[in-house]
Each structure stands twice: as C-alpha cells, then as structure tokens.
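Annotated features, as they stand in TrEMBL:
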type: TRANSMEM; residues: 6-27; note: transmembrane segment
type: TRANSMEM; residues: 47-66; note: transmembrane segment
type: TRANSMEM; residues: 122-142; note: transmembrane segment
type: TRANSMEM; residues: 148-169; note: transmembrane segment
type: TRANSMEM; residues: 176-198; note: transmembrane segment
type: TRANSMEM; residues: 230-249; note: transmembrane segment
type: TRANSMEM; residues: 270-293; note: transmembrane segment
type: TRANSMEM; residues: 327-353; note: transmembrane segment
type: TRANSMEM; residues: 373-393; note: transmembrane segment
type: TRANSMEM; residues: 399-424; note: transmembrane segment
type: TRANSMEM; residues: 431-453; note: transmembrane segment
type: TRANSMEM; residues: 495-518; note: transmembrane segment
Amino acid sequence: MHFTTVDYVIFALLLVASTGIGLFHAFSGGRQRTTQEFLMADRSMSCLPVSLSLLATFQSAVAILGAPSEVYTFGTQYWFLGCSYFLGLLIPAHVFIPVFYRLRLSSAYEYLELRFNKTVRICGTVTFIFQMVIYMGVVLYAPALALNALTCGGAVLAMGLVCTVYTALGGLKAVIWTDVFQTVVMFAGQLAVIVVGASQAGGMAEVWRKAVNGSRISGLDLDPDPLQRHTFWTLGVGGVFLMLALYGVNQAQVQRYLSSRTEREAVMSCYVVFPCQQIVLCLGCLMGLVMFARYGENSPLDKGYVKTNDQMVLYFVMDVFQDLPGLAGLFVACLFSGALSTISSAFNSLATVTMEDLIKPQFPNMTEAKATLLSKGLALVYGLVCLAMAYLASIMGSVLQAAFSIFGMVGGPLLGLFCLGMFFPWANPTGAVVGLVAGLAMAFWIGIGSFVMRMSGPELNTTALPLFDNMTTLVNATTATPRPTGVEALYSLSYMWYSAHNSTTVVVVGLLVSLLTGPMKEKDLTPGTVFPVLGWLLFFLPERYREKLCCVTPLSTPPKVESHAQPYQMAKKDGNGAAYCKEDTDEDLETRMVLPSCQLAAHTLQETAL
C-alpha cells in the first residue's frame, strides 16, 4: 500500500494553498508592517473564522489520530468528554473573555502584571513557552507516524518549513484563514474515511452491531474513583478543567479572542466552537467503531503490521482506500492540515508572548518597524525549534494521552495562576509565585513518579496514566490488580484529573501564602482585573463584610467599538493601583480615567477607592 501520483498531487495542493494564503496576507492590506497587524490581525476578525481557528488549534492531528485509536481499543467511553465542552466553553465566554478583552491585552500574561507584578508575568510567560515547545513536538509526532507508515520521509521537513513561512510572513491573519481552510480539509478527510469504511463493512447498522457484540459501546460509568482512567467523572468533570486550561487562559486561544472586532464577536466564537467540537468528537468515535468493524479483535498492531496504536489509523486508511486513488492523499492532507493549524498557532502565540512579555518591557523605545521585524524573526526561530522537537516526541507514546498530559501538567498550574488572580482579590504576588512553583512541582512529581514506578515494576496500576506509556501496554495492564495506596495511588491518578489537581494546588497554596504574608486590599487592585464571582456567591452578606473580603468591585463596562486605524492600547497600573491607557499623558490622566477609552466606569473607580 503506497501513495499514488494523485495522492501526492492532493497532498502538494494542501501545502501550496496554505503557503498561498500566507503570501496573500503578507502582501495585502497593511502588509504586516505593524505588530498589531502581525500579532493581533489588526483586531478585525469576525466570529466564524475565529471560531474555526479555535477549533483547529488544539483538536487537529491529535484528535484525528488519537480518538479513533482510543475508541478502537477501549470503546466509546471517551465520548463522554463532550459533556465537559459545555462548561469548558461557557466559562471562558462569560468570565475570561470579558476580563481579557476589556483590559486591552495583547498577551494573556500582561494580565498577570496588571493583577500582581512583573515577576509573576515573567513566570507565567516562561511556563507557557516551555509548555508549547513540548506540545509542538507531540503535534509533529502525529504526522511523523504517518510518514513511518507511508515511507515519505521529507514531508515533515516540508510541512514545518511551509508552516514557518506562512506564519512568519502573513502573521495571525494568515494563521486564522489557513486554519479555516485546513478545518474544511480535516472534515472532508474524516468523512471520506467513515463513509467508505462503513460502506465496505456493510453499512452503519452492521458497524454498530459488531461494536455492540465486541463490547465497544460503553455505558455511563459513574465510578467516582479518580484512579480509573476514563469514567464519566474523569471525562465530564476533570475534562472541564482541561478545557479551561485550553480555551480559557492559553495564549494561542486568547490571542484569537482578542483579534475579534468586538467583545460580542469573541464571545460568539466560543458558542460556535461548541457544536463544532461535538462534531469532531463524534467523527473520531465513529472512525474508531468503523475500524473495529473491519478488524475486530484482530488488531493490525497484534499482527505486527504497525508499531504503535496511533499508526493503526493510517494503516486503516491505506487499507480502505487502496483501490480509490486520491482519497488516501486527502486523508493524509487532512492529518497534516491538523498539524499545520496547530503548530502555526503555536508559532504565532510564542512570538507574541516573547515579544510582548520579555522583549518590549526591556526595550520600551523600540521602533514599530524593528518590533515587527523581530516578531517575524521569532516566529521563524520557533518554527525551527518545532522541527527539532518532533524528533524527541516519539517517547511520548499515545499522541492523545501525551497531549492531554502536557496540558494537565503545565496548563493546569497556569490555569490555577489565572484563577487565583481573577477570583480571589486578596491573593498577592508572593502567593502567586509560590503557588505556581508548588503546582508545577506537584505536576512533575506525579508525572515523573508514575513513569519511574512503571519502569521499576509491574505492580503499579498503569491503567491510570503512565505519561510516556504506549496504548498496547495499557491494554495488557487491564487485568485485575490491587488498588494502589499511598504515594502509588497519587502516581496512578487519571491523566484527566491532572489539570484539576494541579490548578487546585496553585490556588490553595497561593491563598495560604497570601494570607500569611499579608493579603492585598481593595485599593491596591487594578480595576477590571478581578471577576466578581465572590460578590455573587456571597450576596447574602452585609456590604461591610463583603468590602473586607474585597467583593464589591464590579467588572469594568464593555468597550465601545473603536476604529481600526486607532492603536488598541492596554491599560496599565498606576502607583495607587488605578488603571490607565498607555497613550495617556500625565496631564490628561485624571480626566481620561473616567472615559470609555479605558473601559472604566466612574462607579468602579469610586468603589475601588473605598
């Protein structure tokens, strides 16, 4: 089973089209001459392209390869992850987006400086860079699996270079519009596989019958044990925290929200993503069932046709399409579209946080032309780093599990850091730094500890999550074993609880340290940086008690639609904690603080001064 000429042509067209979109945006409009256009798409994007880009960024190649393999091996229990999408997208839409959008941010980590100080901002930025560099390796590992199966070694380099070129030339606008194109290709490739595969298996009714007979249709598992790898609670509840880490505070997603024309469009993009996420999840589950209908218990992995579970999807595609030239190329184009959309988003977001959080504060007088050129150079450098990481990702095992593990281990503490600042007004900078360090230490202790325990002996319950495990090992480890206790139980925690566990650690430790070192007071807070959730929950308390708990300051009012020609500047701290805009001068600061340009209502400032 090999690629035909038609398959190669279709695959090449994908790369050419993606490059063409990037070149078009590089030489049209403002020609990416400013950092606002290059990094933020001039804040002119509408709802639909933003929502499709949000979908493509983290669901791409990982879902295309990982979800069918998961369903083929373990059944449809994974489908209950869709229950977490509701709160996982509703909370960002009505909590995180209003705060970020009204503060006029370019980087999500600018919020941390407004809420705490510059040290917390740098800590958050460095943690995010570490997370995304590792994740990019996992994303490129997915197409590498395809290349191992298709003996097409140069395509990873071609894909990485194409992605680097259109990201470095076309900026965020090119990334978003290529995401739209690549999302369409992804849907087309998955649908082609499901339709043709189900037809060859005798229709969807026959596929369902074989799945039921093979015990691949899972019921509602309400086992509350957090050590169980997949149950309704681990997927439906633990998945909410994973989704919040992805869609609430991750720079790649926040950057898309902030590129929207209005706050309303940014919120609507979250609502549009929800049904799209459900469709992607259902397509992945259906592909896994069709695979089972074709092979049953006689897995190509057991027969030695493939080396890992994730390669089974590619083997299945080549098997189904061996007599249909062009369709295999369409699916591989679908797979590579997913990888392209994800790593291009990573390049752009990494360039943004490096520029806005690490370089600009050190060189405040840098000209716009130099800043834009440097931003493009950063995108290029991160592209080359991504190619290097692809060769290190093979030890990560299942791409689906590896991707979720990374976001649980690193994204969880970042989620906790933002929640600490946004929901708890008395949290101070010392508590934020100590909480983040504690969360990261806990995350890597559990992750590395589970790996070491698995390697040292078979007694550990590896069905929970060995971070670098292979799915075949998981299948063989499902025999009855004694329930782990003590530290072993902690190492056996399901990977779907990683984000919840680690973010909670940050919040608890951060609050304790803040109370011990002196909690922040209402007058010290930058207006608009605290979401008044405690004020809503404690509405029954007298106002004087809520004032002591810093629960009376409302969120700032929504901004008005501004002209695209006008720079969109971020609010920043004054010495007394009040916020003003970067373009404000000392002379008119007092007057402008109550104007809509800073999105601060008069009553906000009055109550903050109490």
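Cβ atoms are placed via backbone N, Cα and C, with glycine included.
Where the annotation comes from TrEMBL, it is an automatic prediction and has not been curated.
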Interface check, the transmembrane segment (6-27) with the transmembrane segment (327-353), three or more C-beta pairs under 8 A: yes
Stretch among 176-198, 230-249, 327-353 sharing the most Cβ pairs under 8 Å with the transmembrane segment (495-518): 230-249
Range from 176-198, 230-249, 270-293, 431-453 with most C-beta pairs under 8 A to the transmembrane segment (327-353): 176-198
Close approaches to the transmembrane segment (230-249) from elsewhere in its chain (Cβ under 8 angstroms; 6 or more beyond its ends): 54, 58, 74, 77-78, 80-81, 83-85, 87-89, 91-92, 95-96, 108, 220-224, 270, 273, 404, 407-408, 411-412, 414-415, 418, 494, 496-500, 503
